[in-house]
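Step one of this worksheet: look at the structure below.
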Number of protein chains: 2
Amino acid sequence: MSLRIYKLYFSPHRADFKKLKNILGFVPGNLKLYQMAFRHKSVAKQIKEGVKNSNERMEFLGDAVLGSVVAELLFKLYPYKDEGFLTEMRSKIVSRANLNQLSRKLGFDKLIQYDSRMISYPNKQGSLLGDAFEALVGAVYLDKGYQFTREFLLMRIIKPHVDIHTLENTETNFKSRLIEWCQHEGKEVTFVPVDNPEGESSKMFSIEVLVNGEACGLGRDFNKKSAEKLAAERACEYLKIIEIA
Amino acid sequence: MSLRIYKLYFSPHRADFKKLKNILGFVPGNLKLYQMAFRHKSVAKQIKEGVKNSNERMEFLGDAVLGSVVAELLFKLYPYKDEGFLTEMRSKIVSRANLNQLSRKLGFDKLIQYDSRMISYPNKQGSLLGDAFEALVGAVYLDKGYQFTREFLLMRIIKPHVDIHTLENTETNFKSRLIEWCQHEGKEVTFVPVDNPEGESSKMFSIEVLVNGEACGLGRDFNKKSAEKLAAERACEYLKIIEIA
C-alpha cells in the first residue's frame, strides 16, 4: 500500500490529510508542520520558556520564501521595469489585505485553530488569515522544499487568484486613503501609540487607528511609520474602504 | 572536451571565468548574468526607455533570495527563539554594513565595473559593494537555481565569514549610535531631506546625514524612517563608528 493511500484512507489522521489535500492540491508529507501553520497563538502551548508552538515562527519563514518567489516572478514578468516598480508591485501582492483575501478564498478560515474568546478585537481575525497564509508557505517549504513551494505558489495560488495586471494600477497608500475616506465621511481619524503586550520586544511599535474614537486597526512593527501603515491597512480593510483585485 | 575545461582554458572569456571561479568557488554557467551583477549603473547602457543594463534589478531579486536563505538558517539554528528575535537577527546579517564588508572580504571590489568619476560622493562606494553582493546572489540564483544558491551562501559565504553568535550581541540601532557618537565628539548631526535624482520615483524619500555640515551618508527608501536609518548606517560606516562582526 502506498504511503499516499495509507494517509488518505487508513491513517488515524485521514480526515486531516483529506481536508488539506482538497484545499492545497497535494498530500502533505509531515502533517505536524501544517497543524502548526494553522495554530494561532491563542490556542498554542508553551513548549519552552518564552516559546509557543504557534504559527508565528513559521510565518517569519513563509514570508521570506513567498517574497523570494514573488520577486522572481516579477523580475521575469517585467523585464523592462526598474527595481522601484518591482518592489512596489511585490508589496501589493504580499500586502496583508491581499493575503487575507487569498487565505479566505482558499478556505484557510476553516483550518485555522484559534480561541474565539480571546480574539475580541474586531480586526484581529483579518490579520490572522494572512498570517496563517504565510505560515502555510513556511510549512510547505519545510515539508517539500523550494521548487515545490514555488510551483505551488505560482500555479495553485497566484495564477488562478491574483490579478497582477490589475494590481499594477491599484493605489496602496492605505494611510492617505484612510485619511481621505474619513474626510469625505466627516469622521475623525487618529493614530495612537498603545502599549505592547507583556513580554513583547520593547523595540516594537504598536499603533492603533481610532475612527471617531472606535478602534479599527492595530499595527505593529520595528519602526513607527511601518506600524502606522499596517494599522491604516487593517483599518481600511475593517471599514471596507478597499477592494483588493 | 568538457564545457568546464573549455570555459577555463579556451573560451575567449577564459580570464573572466577563471577570476570568477577563484572568487566564487564554481564555474559560472551564463557569464552574462555575472557581468550584469557587477555592473554599476554609472557604466550601464540604456537598453530600453527608462531601463539600464545595470545590476539594480538583479539586486532586488538577490535581496529576496538572500532573505529567504537566511530566514531558513535562523529558523533552524534557533528553534526556541521567537519571530521578533529572528527578524532582528536577519536584519543584522543582511545589513548594508555587513554586506559591504562581506563583499570586500570576498574580493568583489576587484570585479565591480563603475565609473569612478561619477562616484564622487564619499560613501557611495560602500553601498556599491553591498548592492553588488545582493546582485551576485540574484545572478547565482538565475544561473544555478535555489538549492545551489542556498548551498553557496551557507557554505561559501556565511559559515566562513559571518559570526552569527557575535551578531546576536551587536547593537544595530545606527541612528542612536551615530547621535551618541556625535555628542561624544562634540559634533553636530542633522538629517536633511534631499531631492531625488531626476526620473526617480517620487514616492522615494532621500535623506542625507550631515555631520558638522559634511555629507556623510545618503539613505533612500519608500518611507522616511527607513531612509533615515539607512543614511545613519552609511554615515556610521563612513565615519568608522562601527565594526561589524
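Note: Cβ is positioned from N, Cα and C throughout, glycine not excepted.
Here TrEMBL has A:D131, A:E134 binding Mg(2+), and the candidate from A:E59, A:E72, A:E188 in that same listed site is A:E59.
Put simply, A:E134 (active site) is 5 Å from A:D63 (active site) when counted between their Cα atoms. A Cβ within 8 Å of the Cβ centre of A:E59, A:D131, A:E134, the residues given for Mg(2+), is found for these other residues of the same chain: A:N55, A:E56, A:M58, A:F60, A:G62, A:D63, A:G130, A:A132, A:F133, A:A135, A:G138. Secondary structure of the domain 'DRBM' (A:173-241) per DSSP, as helix, strand and coil residue counts: 27 helix, 20 strand, 22 coil. Confidence across the domain 'DRBM' (A:173-241), taken as the mean pLDDT and rounded to a whole number, stands at 83. Taking CA atoms as the reference points, A:E59 (Mg(2+) binding site) and A:E134 (active site) are 5 Å apart. If you draw a 10 Å sphere around the CB of A:E134 (active site), it holds 26 other CB atoms from the protein chains shown. With the fewest other C-beta atoms within 10 Å around its C-beta, A:E59 stands out among the recorded positions A:E59, A:D63.
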